[in-house]
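Student: My questions all concern the structure below.
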């Protein structure tokens, strides 16, 4: 194909040859993909089209040059909004709904709708929710939640405890235990309602990175700012995802076409505020059994900070190379510096400050 339409091997195809190719084979293409191809042809004022952009589109890949070409002349692409499509199946309507819930640009929504195949499905958020929370807690430990009013609630190999901070797995596994059914319920609801659509759009790699980064930042924030307290619950990861999503909606308010977006934001903020307020009250409420301190709330704040920095960058750049984003490297560097600082803090600060830590469980 390249030798036929680009005999001089310049890497470009003339607009006339490109249009003749579409006329000849347009009936064999998916209508949405044909629409994007026509927009690509209309957008170019130099009379030629980059062959690599054509290859990227046909292979369901995205490039900055292709995105720029569409942005410069997208009248044909946006002539009919995705929301106006009729005759869609239930799965197609679901994909369209997810696109409008998470993406602020009509171009990105159409691209996502055209390229999404549900392969792989949003396995990370579903697995971490169902298997970790219910199967592990309910079957293996014979309990779904921890009761912090019980003197033995700290006798658990998963939660983070300041006396056992050398056991590195606890900085991650604390998310599998929750302090009360309301703690578990709110985290599960937010995790599924927000996390699953985000993973459907941005993929497991990006969303799992934001989630795990929020979890680690949460436990490290506790070890630095609330040094005598344990921590349980997945709030660090959940708050990272939710805060990134909400910040993305606010930053792209005019482009977000999701229904009831103001109401949805209000409900999410109320749920987050209620759960955070419960955590603060629990932390400072006198313990029924003084040797057993209540869990810290600092993990929530650590998750929020990850969400509005790393999370916003990831959610803002749909199918774009993060390596090309300057802010991504700045926030990633800040995050790495914080992690290194927290590690050294855990090694040296506890002994230097001579804190009175709760007894080991």
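Residue numbering: from 1, along the chain as shown.
Heads up, the Cβ atoms here are built off N, Cα and C, so glycines get one too.
Where the annotation comes from TrEMBL, it is an automatic prediction and has not been curated.
Straight out of TrEMBL:
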DOMAIN    1-28  domain 'EF-hand'
TRANSMEM  123-146  transmembrane segment
TRANSMEM  207-225  transmembrane segment
TRANSMEM  231-250  transmembrane segment
ACT_SITE  235  active site, nucleophile
TRANSMEM  262-284  transmembrane segment
TRANSMEM  296-315  transmembrane segment
ACT_SITE  300  active site
TRANSMEM  327-353  transmembrane segment
Student: Quiz question: given the active-site residues 235, 300, which has the greatest number of C-beta atoms lying within 10 angstroms of its own C-beta?
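Tutor: The residue with the densest Cβ neighbourhood is 235.
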Student: Which of 207-225, 296-315, 327-353 has the most Cβ pairs closer than 8 Å to the transmembrane segment (231-250)?
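Tutor: It is 296-315 that shares the most Cβ pairs under 8 Å with the transmembrane segment (231-250).
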Student: Within the same chain, where does the transmembrane segment (327-353) have neighbours whose Cβ lies under 8 angstroms from its own Cβ atoms, ignoring anything closer than 6 residues to its ends? I mean 6 or more beyond.
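Tutor: For the transmembrane segment (327-353), the far contacts come to 162, 165, 213, 216-217, 220-221, 223-224, 227, 306, 309-310, 313-314.
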Student: Provide, as an integer number of angstrom, the distance between the C-alpha atoms of residue 235 (active site, nucleophile) and the residue listed as 'active site'.
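Tutor: Counting only the Cα atoms, the answer is 6 Å.
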